[in-house]
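The structure appears below as structure tokens.
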Amino acid sequence: MSVYGLQRLYIAGAHADATSGKTFDTFDPATGELLARVQQASADDVDRAVASAREGQREWAAMTAMQRSRILRRAVELLRERNDALAELEMRDTGKPIAETRAVDIVTGADVIEYYAGLATAIEGLQVPLRPESFVYTRREPLGVCAGIGAWNYPIQIACWKSAPALAAGNAMIFKPSEVTPLSALKLAEIYTEAGVPAGVFNVVQGDGSVGALLSAHPGIAKVSFTGGVETGKKVMSLAGASSLKEVTMELGGKSPLIVFDDADLDRAADIAVTANFFSAGQVCTNGTRVFVQQAVKDAFVERVLARVARIRVGKPSDPDTNFGPLASAAQLDKVLGYIDSGKAEGAKLLAGGARLVNDHFASGQYVAPTVFGDCRDDMRIVREEIFGPVMSILPFETEDEAIARANATDYGLAAGVVTENLSRAHRAIHRLEAGICWINTWGESPAEMPVGGYKQSGVGRENGITTLEHYTRIKSVQVELGRYQPVF
């Protein structure tokens, strides 16, 4: 018997049965309890979703921008009214502490919808004079039907981040949440419908990567926005291009450097490093997992980090005092433990954690102790590859040039940060770091106003910020001739 029963698709403004005959299960990562059995979409279901999205998008785009803005603002109100209930659902599905899901997941999703609701009326074109008798004007028009493919670490936040700019610009979206955390996207769909979004404008299709592939290759979809791993992102991008040259936004993985210089406030630096590695049990794409520390302050910094790690409160996600929960799935647990074993085998010095937690109530959950490795080398797997778990690697350095060169020696380029009291060095270093999201003397905040996305293999395009609206519209140029037409022949 599951907690939430059978979960269906959401198409054309209502829950709908899938036609595949297939289902998959989703579990509470803290207890192993069966949360729900979820119907998997078929190719026919994806076709249904696209057809309803096309119909709904025509109605949605025909509304005035102010009408769309008001409806999106109503969705924001409903999200905030139901914050606690949605936070509990997200806690059960992801394993995150309730204190975190109440304060972050729904709140930041609602903030982004509110932000784009305010910008919906600001989508405008340009007027370009050519000569006294002729001018050009441009229109920013919606793309049509967009697909959003989410990751399992921030299910409802990602659904909001992808749908908000799409809907604000007059598009429809078909969203596929991760099969690991599939529940909250359905609640967002219900809220959009209740707020007045026309049927079909936000559909949810459930399933594994095969459903994502169907969306990526579908000729009726104009854009795909994907959040997930690099290799899967490359497959999505390939399908999107080969099928119909779709627009793409890719928010992919990272192996982000945090550089602590010898003039840094070490207490502040330790606070930043611990947050940048252990928030959400390390399951954050922007985590600063490569911590470069200037040699002169390394020992003092490590001492402060370990003191803070010892204060982390690992526990049941439902306990308001817990600030560190389980990993999201058994597969992720095995992956993280494999990397920890690799770090030990390659000679990294284990300073904290390094094992699965199995005592008391941890036994049935996917818990790994917050882990810190010292004296790491750049060639170690734990330093080179994205782990997506609570594993910090500390790497000593001598000079600024050395730190920058080593920080940039990666195929990733999602995030980076520096901690220093020297303003000139802070900006100089940040300008040399090859990353799309950077922080000085802080880490992790990604407000609605801030464009986020990666360099190199960490992504294409941006989410959030004004610039993202450009990625959900296309420009139509119109020349107007007021004078006599001059024939060529």
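Using N, Cα and C of the backbone, Cβ positions are placed for all residues, glycine too.
These features come from Swiss-Prot:
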BINDING   T26, D93, V180  K(+) 1 binding site
BINDING   G150, A151, W152, K176, P177, S178, E179, G229, V230, E231, T232, G253, C285, E386  NAD(+) binding site
ACT_SITE  K162  active site, charge relay system
BINDING   L245, K456, G459  K(+) 2 binding site
SITE      E247  site 'Seems to be a necessary countercharge to the potassium cations'
ACT_SITE  E251  active site, proton acceptor
ACT_SITE  C285  active site, nucleophile
MOD_RES   C285  cysteine sulfenic acid (-SOH)
ACT_SITE  E463  active site, charge relay system
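What Swiss-Prot annotates, mapped onto the structure for a quick look.
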{"residue": "D93", "record": "K(+) 1 binding site", "DSSP class": "helix"}
{"residue": "G150", "record": "NAD(+) binding site", "DSSP class": "coil"}
{"residue": "K162", "record": "active site, charge relay system", "DSSP class": "helix"}
{"residue": "P177", "record": "NAD(+) binding site", "DSSP class": "coil"}
{"residue": "V230", "record": "NAD(+) binding site", "DSSP class": "helix"}
{"residue": "E251", "record": "active site, proton acceptor", "DSSP class": "strand"}
{"residue": "C285", "record": "NAD(+) binding site", "DSSP class": "coil"}
{"residue": "K456", "record": "K(+) 2 binding site", "DSSP class": "helix"}
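Take the CB of E251 (active site, proton acceptor) and look out to 10 A: across all protein chains shown you find 27 other CB atoms.
Measuring Cα to Cα from W152 (NAD(+) binding site), the recorded positions that fall within 10 Å are D93, V180, out of D93, K162, V180, E251, G459. Sequence-distant neighbours of K456 (K(+) 2 binding site) (same chain, 6+ residues apart, CB-CB distance under 8 A): T410, D411, Y412, G413, E434.
DSSP gives T26 (K(+) 1 binding site) a strand state. Cβ neighbours of K162 (active site, charge relay system) (same chain, under 8 Å, six or more residues apart in sequence): C146, G148, G150, M173, F175, S225, T227, E463. The maximal spread of the NAD(+) binding site, taken as the longest Cα to Cα distance among G150, A151, W152, K176, P177, S178, E179, G229, V230, E231, T232, G253, C285, E386, is 23 Å. When Cβ atoms from all protein chains are considered, those within 10 Å of W152 (NAD(+) binding site) total 22, not counting its own. Considering only the binding-site residues V180, V230, L245, C285, the Cβ with the fewest other Cβ atoms within 10 Å is that of L245.
Neighbour counts were taken at the CB atom with a 10 A radius for the binding-site residues T26, T232; the maximum falls on T26. Sequence-ordered, the extra residues of this chain that approach the K(+) 1 site, with Cβ no more than 8 Å from the Cβ center of T26, D93, V180, are F27, P29, L35, T94, W152, P155, S178, E179, T181, P182, L183, A328, S329.
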